[in-house]
């Protein structure tokens, strides 16, 4: 093992307190007001207008520089590959959203075009997403239940469901959710990654359970509210003897085939120019088999239904539904934006470009809002499709444009009308494509090693999402995550520091064997103003009580010009105490971890300085950030007797000043003054407070 090369440096300068630093650095006293900041932000110029345009519409900046020679072929191949992959996935995810399958294709066309214009990530594949689809399905089935569209047929003596009216209402609900998404995207920046990943994993369990009815060919009743997933599983177990064997066989064969084909894709990834579109191949094969065997007629295997060709005319979402779906829009925004931004950053880091989080929120919000007008449901991005886009040579969002155009052509293609989409096959496609989300269970052991609080957030979020459903589960998870933040804030870290010999480096004494305590000085680091901890570790838990044990060395009466004191027959005396060798000379508070102080913190520091100053222990602050210094000043910490000279830029500056003698934090002689009534003992303290001679 090679030895580390040690380098040395030497800096000769005076010991600097805050006053000296302000003078040397020429601190500016003027501050820009809020009105001035707003006025500057509203200024308009040609350069500013151009910058805003390029930032708000990124395609204007990168498309003119698009290299056809370098990127066109790769983008074309990746676009078609992703388009083929998205075809069965989009229709399968439409079933999760409880809307007709063709709307899964609409959601892979319009939103992609908008993201192409406004998005900043080059490699993510925007479109339908399983977790969001099942969340939308819960909303559409809750607000447009099948029972609302059931009528009784006297001829057949049975109930009939008006499927056309039901689907139309569910589409209205689904698109109403989308228009609310643009309002809540910003909240993602305040949610932790473990919360988002635990939540999506829990939601994936809901996806799997929702598809079991298609796998077994059964029709369990729908439950809603907390614990609905548990009730659904119990109901499925109760009616599982009614399983349609033909449907189950189709499901098992499809799942096994998809898994083997994907493994083959992974094994031959370096030899194949493009991945095999296993989902589409599977759909085509089942269509051919159905023509030969008649799976629907002979075995009762359910077919999705008729797939209409063409696009739907624009219709503005029903405003009356906005208030009923606002909570669901919040949950969808968290999931959709969280996944898209996280995945975009992964690819940006890998390929060395920048993803603008704010612009991504705008792009996805506009994609969903514009898509709502054309009857699309919520979109985000897919890990599996994004990886295919990357592996097939896609380098820009032009690949996504090719994918959208592929779907456009397919929607008007006559061949599309001959393909049969079986519910069991689409459910199998969903199962297999959830393997990426299921791998997130591996976060648990990783977080156990790195951060156990984050692991608890992940596990609790997962459990709450599974038990309380995605909507209530998200709210409860955010609440729990906030509690962990409060818990960690109320238990700040603190430590006693020592000096690494012959250096200006100070480290916690409990963590390093070679770090030494500085004689006569207590150095305390904390992320909060903890008066009790300072008292405990300084060795002086009760300064007023310690004050009573000090022995006066000299007492001398001083003249006073104060008429009020003379009238009350009160004299001023000077008391010089004998030093106590058991007490530290000074306490240095390292506040470098403190980001802000409130009024309670300012009062705590004032109390610490006053109490310890009374027994001759000087208290100085080190490493204060500008905001902390400003809060101390506004909170009345400084006055005529306590100045900024008790603040130091570094711990070493503070230690050197304490070792050299008194700081200049107190203006006066090195004595303590008290007012004394002529007939009483010492009755009040600290008219002027400085340390005794040590």
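Glycine residues also receive a Cβ, built from the backbone N, Cα and C atoms like all the rest.
Feature list (source: TrEMBL):
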DOMAIN    515-658  domain 'STAS'
TRANSMEM  93-118  transmembrane segment
TRANSMEM  173-191  transmembrane segment
TRANSMEM  239-260  transmembrane segment
TRANSMEM  272-293  transmembrane segment
TRANSMEM  329-349  transmembrane segment
TRANSMEM  361-385  transmembrane segment
TRANSMEM  405-434  transmembrane segment
TRANSMEM  455-487  transmembrane segment
Quick check for me: are there 3+ Cβ pairs below 8 Å between the transmembrane segment (329-349) and the transmembrane segment (239-260), leaving out pairs under 6 residues apart?
no
Counting only residues 6+ away from its ends, which parts of the chain sit with a Cβ under 8 Å from the transmembrane segment (361-385)?
56, 82, 85-86, 89, 94, 97, 99, 103-104, 106-112, 114-115, 117-120, 124-129, 132-133, 135-136, 171, 174-179, 181-183, 185-186, 188, 311-312, 314-317, 332, 335-337, 339-341, 343-344, 433, 436
Intrachain neighbours beyond the transmembrane segment (239-260), with Cβ under 8 angstroms and 6 or more residues off its ends:
214-218, 220, 278-279, 282, 286, 295, 298-302, 422-425, 427-429, 431-432
